[in-house]
Amino acid sequence: MSILEKITSSPSECAEHITNKDSCLSKKIQKELTSFLQKKETLGCDSESCVITHPAVKAYAQQKGLDLSKELETRFKAPGPRNNTGLLTNFNIDETLQRWAIKYTKFFNCPFSMMDFERIHYKFNQVDMVKVYKGEELQYVEGKAVKRPCNTFGCVLNTDFSTGTGKHWVAIFVDMRGDCWSIEYFNSAGNSPPGPVIRWMERVKQQLLKIHHTVKTLAVTNIRHQRSQTECGPYSLFYIRARLDNVSYTHFISTRITDEEMYKFRTHLFRIA
């Protein structure tokens, strides 16, 4: 079985929470844009996202007072390098996690962080995990600041400092489900967590031990999954997605996930920009 079969995502360009995969658009927008959708080939399009970003359609929507930007932001996957091995940006990553937070209503999506988060004021280093669990920590879902109880937390970090252009993406996942809670670090290259991450994990562990009896820290790094120079972003997002779908962290310890599977996973992550 392919690892992709263990998760609930699909190559559809619709956002994960859209159940009607025949169309990603709301019924109102479908109705208003029927004539454009029926002749999308004449616009040079083969997808709904292409249609609603076409200049002629955008001009028509503006005249009609239709908010197509909201459709793109909430009903479609994020734009990104879907059919190539382009490096993922922080926008690709954060926009994907924001969309997953719509589908997984107990997931706290934390904006990306660089590795000097102890010195720079990144959200990652300011989060109180007890407040996350109790629904007292602000997060952004569908463009709105909300507070809601969350039993999972995910963030993608870059191993470079904020003065650099980026080196390697890694994932943090906090699982506050079940009897034993865990604070997990995943690195597709198999490298151990650096000092700032170790200190962050220990600090969060002490926070959570105030409200739960068993909390452990895990470095899921015993296998070098990644062999390419491009897939650290997809691997990091895949780890978070797999854990949200209840794939155990032990799977990443016992089974190598290939770069080829991450090439395919890109079609699950993004719509064509």
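In case you wondered, yes, glycine gets a Cβ from its N, Cα and C as well.
Annotated active site per Swiss-Prot: HIS168 (among others), in sequence order. Secondary structure at HIS168 (active site), taken from DSSP and collapsed to helix, strand or coil, is coil. Taking a C-beta cut-off of under 8 Å and a sequence gap of six or more, HIS168 (active site) has these contacts in its own chain: ASN158, THR159, ASP160, ASN187, ALA189, CYS232.
For ASN187 (among others), the entry in Swiss-Prot reads active site, with the evidence type a curator's inference. In the three-state DSSP assignment, the secondary structure recorded for ASN187 (active site) is coil.
Annotation note: CYS232 (active site, nucleophile) sits in a helical segment as assigned by DSSP. CYS232 (active site, nucleophile) counts 26 other C-beta atoms within 10 Å of its own C-beta, drawing on all protein chains shown. What Swiss-Prot lists as active site, nucleophile is CYS232.
All protein chains shown were included, and the count of other CB atoms within 10 Å of the CB of GLN226 (substrate binding site) stands at 22. Annotation source Swiss-Prot lists substrate binding site at GLN226.
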